[in-house]
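Participant: This structure is in structure tokens; I'll ask about it shortly.
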Amino acid sequence: MALSREELEVIERGLGRPPSEVELALFRSHWSEHCSYKSTRMWLRRLPSRAPWVVRGPGTDAPLVEIAEGLFVTFKIESHNHPSAVDPYNGAATGVGGIIRDILTVGARPVALLVNLHFGPLDHPHARWIASNVVRGISDYGNRVGVPVVGGETWFDEDFTYTPIVLATCVGVVEKGKVPPGGVETGDLIVVAGLGADKSGLGGSAFASKTLREESEEDLGAVQVADPLMGKKLIDLVQEAVGCVKFIKDLGGGGLATALAELAEWFGLGVEAELDKIHMSDREMGPAEVLSSETQERLVFVVSPQGLECLKSLLEKYEVPYSVVGRFVKSGRVRLLWRGEVVGDVPVWLAAKAPEMVWPRESYEPPPLPEIPEPPIDKAVELVLSSPNVAVKEAIYRRFDFDVGVRTAVKPGEGDAAVLKLYERGNLGIVVKGDANPRYAYLDPRLGAANAFVKAYRNVAVAGGVPKAAVDSINVGSPARPAVYWQFVEAVEGLKEAAEALGVPIVGGKVSLYNEYGDRPIKPTVAVVVLGVIDDVSTALRALWRDGDGVYLWGFTRGEVGGSEYMYRVHRLVAGRPPSVDYAAEKRIVEEVQRWRGRLTGAKDVGVGGLAAALAKMAVASGVGADVDVCKAPTDMGRLDYLLFSESNGRFVAAGEEGPGVKIGVAGGDRLVLRCGSTQLFSRSVDGLKELMSLGL
């Protein structure tokens, strides 16, 4: 992507001369929207990121959250939307590889991956091609590097037919003493390790900073190529290298241009790099290409001269190619050489920060919810339960090796969130879940973002975790569209409100702009991943009940069907406002589940598809039916369709001999029966539900 005229003027003023070709390459990469956040960082600074347990927040490759004395968890989210649109297999695989390397920068061992995937309808050939290859790319890479894919969220909507949203989150664990210490000083060396530089991924950050069009398949060269074997070597290398090195940085988006500029800025020093010294797979590359190359499976290590031999011995042990390409100096400049000649010399202050861009904003009102007739309930239940957005996602998660590493205590499909055992501290575990709802975010971006936050928070709580931290990913169209930029700003405000009200800091995130195809932007997609702590993973709750259990509903059901799956599937409408948020009620769910945790068989939150979907999912997961009187649910309305399909927040279903909230039924038999008093509304065998709710991919 070309620099704007205004940006070129800033560069020329800062340098006092026109930039060289190599300097232009540096600015094109590092000042791209993908790397610089020039249109968004002024808003992202508003997000709360501090708490006593947050050791390191946003601003570096990976945060650190202390979950037990001396034990840190790190987690980070990344988008790979544009690459996955044109080469879904490599786009998704390299997205997973990149987020794993972010986690490695703090010396952590990656223990889990989550994916938030948004595709077009599966009956569309192109959308199906993207979906199947994205899933294959994630599966192949995660399985081969030995990091389990333990959960996530999948959504289907026409907006994502040509512009998928592919988000990967990696979770890692590290002891306090194994985090690289920092303390970088002049004379320290810069070592690049991993695959040799080549032209794959060249211009990838610029590619991710423009809209997709029909000719975007010509951008295949901007998509990096994954190499999970080298990725696995880097994982193993880092576990031993932390004793040799001062700092680790992922060599990803923006290539060496971004890595050098960020390292110099972070440590308040200058850097001098000999670009011709880097090991290359393609010897035809010139200095500008080497600087901008986004070849995958590479890390930058900062090491003292005394520590170099220690690092080199490990690199040779793991057969990882490497180059000593530069050093830190006092100059406060990024100085680039090629075969002994200076080809770039830029002040760090100029290279580090692209000028901020604040775009015009224009709000809009969502379509109002019209008066609609109440449909036949049994047909409505069938339509909602057969929706791909409600369906059981076994067709996706069965392709992932979610048991590798033997930490996964609650597996995909078993509960509202993934639960992982941390062998470093007995039965201590972490609970993690990601959520997004593009319909909500389109209708009301602020409320939609808050809904994503509370849904992920509630999923963690209902599984038995105490939420501790969150990361987010905001995915929208071009910021040059006033309505789109308004969507982004409103989403930030919704996240800020939720994080402050719930007391959960946002320790990292990702913004992806220009998610459009032709002239059509996607529905804004605001994903939130919440991580919590559970003191004993053996008491984690799955979305199950046993024969004879009472079925209980905690929370109040309102007539909140705006943006719901019911309105879309049954009435073909995307209208109204998303459900309201009661933060106090969400926090009470944490307390309630903690109080009942040891006495319940299982629990499940009520979300997309409403109470009907929650009950059906528990029946399918358990292999046991239930007889439920939905009219016993606390509510202030009389419409049965709204009672069954409302997506009101602050609710969960629990099962056990006793339970929280109101008893609405009893589990047992091989059929799920929904009724109102003595009137049967819906009845289906558990096997029939499995067939109805299966996702065909």
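Backbone N, Cα and C define each Cβ position, glycine as well.
Pulled these from Swiss-Prot:
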ACT_SITE  His34  active site
ACT_SITE  His80  active site, proton acceptor
BINDING   Tyr37, Lys76, Asp472, Gly509  ATP binding site
BINDING   Glu78  Mg(2+) 1 binding site
BINDING   Ser79, His80, Asn81, His82, Arg101, Gln224, Glu294, Thr295, Gln296, Ser512  substrate binding site
BINDING   Asp102, Asp250  Mg(2+) 2 binding site
Participant: With a radius of 8 angstroms around the mean position of the C-beta atoms of Tyr37, Lys76, Asp472, Gly509, what other residues of the same chain does the ATP site pick up?
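Facilitator: Counting only non-site residues, the set is Leu44, Pro58, Ile77, Val471, Ser473, Ile474, Ile506, Gly508, Lys510, Val511.
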Participant: If we count other C-beta atoms within 10 Å, could you say which of the recorded positions His34, Lys76, His80, Arg101 has the fewest?
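Facilitator: Minimum Cβ neighbour count within 10 Å, taken over the recorded positions His34, Lys76, His80, Arg101, occurs at His34.
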Participant: Between the binding-site residues Lys76, Glu78, Gly509, which lies closest to Asp102 (Mg(2+) 2 binding site), Cα to Cα?
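Facilitator: Checking each of Lys76, Glu78, Gly509 against Asp102 (Mg(2+) 2 binding site), the shortest Cα distance is to Lys76.
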Participant: Given that the record lists Tyr37, Lys76, Asp472, Gly509 as binding ATP, what is the largest C-alpha to C-alpha distance among them, in Å?
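Facilitator: Farthest-apart Cα atoms in Tyr37, Lys76, Asp472, Gly509 are separated by 17 Å.
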Participant: Here's one to test understanding: among the recorded positions His34, Arg101, Asp250, Glu294, Gln296, whose C-alpha is closest in space to the C-alpha of Lys76 (ATP binding site)?
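Facilitator: Going through His34, Arg101, Asp250, Glu294, Gln296 one by one, the Cα closest to that of Lys76 (ATP binding site) is Arg101.
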Participant: Using a 10 Å cut-off, grab the number of neighbouring Cβ atoms around the Cβ of Asn81 (substrate binding site), all chains included.
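Facilitator: I get 25 for this one.
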Participant: Measuring CB to CB from Asp472 (ATP binding site), give everything in the same chain under 8 Å that is also at least six residues away in sequence.
Facilitator: Leu47, Ile77, Ala449, Phe453, Leu495, Ile506, Gly509, Lys510, Val526, Ala527, Val528, Val529
Participant: Between Asn81 (substrate binding site) and His34 (active site), how far is it from one CA atom to the other, in Å?
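Facilitator: If we compare the Cα positions of Asn81 (substrate binding site) and His34 (active site), the gap is 11 Å.
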Participant: Whole-number Å only: compute the distance from the Cα of Asp250 (Mg(2+) 2 binding site) to the Cα of Arg101 (substrate binding site).
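Facilitator: The separation of the Cα atoms works out to 6 Å.
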Participant: How long is the line from the C-alpha of the residue listed as 'Mg(2+) 1 binding site' to the C-alpha of Glu294 (substrate binding site), rounded to the nearest angstrom?
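Facilitator: Distance (Cα to Cα, whole Å): 15 Å.
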Participant: Taking the Cβ of Gln296 (substrate binding site) as the centre, count every other Cβ atom within 10 Å, in any protein chain shown.
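Facilitator: Result for Gln296 (substrate binding site): 25 neighbouring Cβ atoms inside 10 Å.
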Participant: Could you measure the widest C-alpha to C-alpha distance across Ser79, His80, Asn81, His82, Arg101, Gln224, Glu294, Thr295, Gln296, Ser512, the residues recorded as binding substrate, and give it to a whole number of angstrom?
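Facilitator: Across Ser79, His80, Asn81, His82, Arg101, Gln224, Glu294, Thr295, Gln296, Ser512, the two farthest Cα atoms sit 20 Å apart.
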Participant: Take the C-alpha atoms of Arg101 (substrate binding site) and Tyr37 (ATP binding site) and report the distance between them in angstrom, rounded.
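Facilitator: About 20 Å separates the two Cα atoms.
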Participant: Please report the three-state DSSP label of Asn81 (substrate binding site).
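Facilitator: Note: Asn81 (substrate binding site) is helical by DSSP.
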Participant: If you measure from the Cα of His80 (active site, proton acceptor), which of the recorded positions His34, Tyr37, Glu294, Gln296 is the nearest?
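Facilitator: That would be His34, the closest of His34, Tyr37, Glu294, Gln296 to His80 (active site, proton acceptor).
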Participant: In whole Å, how far does the CA atom of the residue listed as 'active site' lie from that of Glu294 (substrate binding site)?
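Facilitator: So the Cα of Glu294 (substrate binding site) lies 13 Å away from that of the residue listed as 'active site'.
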Participant: List nothing but the one residue from Tyr37, Asp102, Asp250, Glu294 whose Cβ has the fewest other Cβ atoms within 10 Å; the candidates are the binding-site residues.
Facilitator: Tyr37
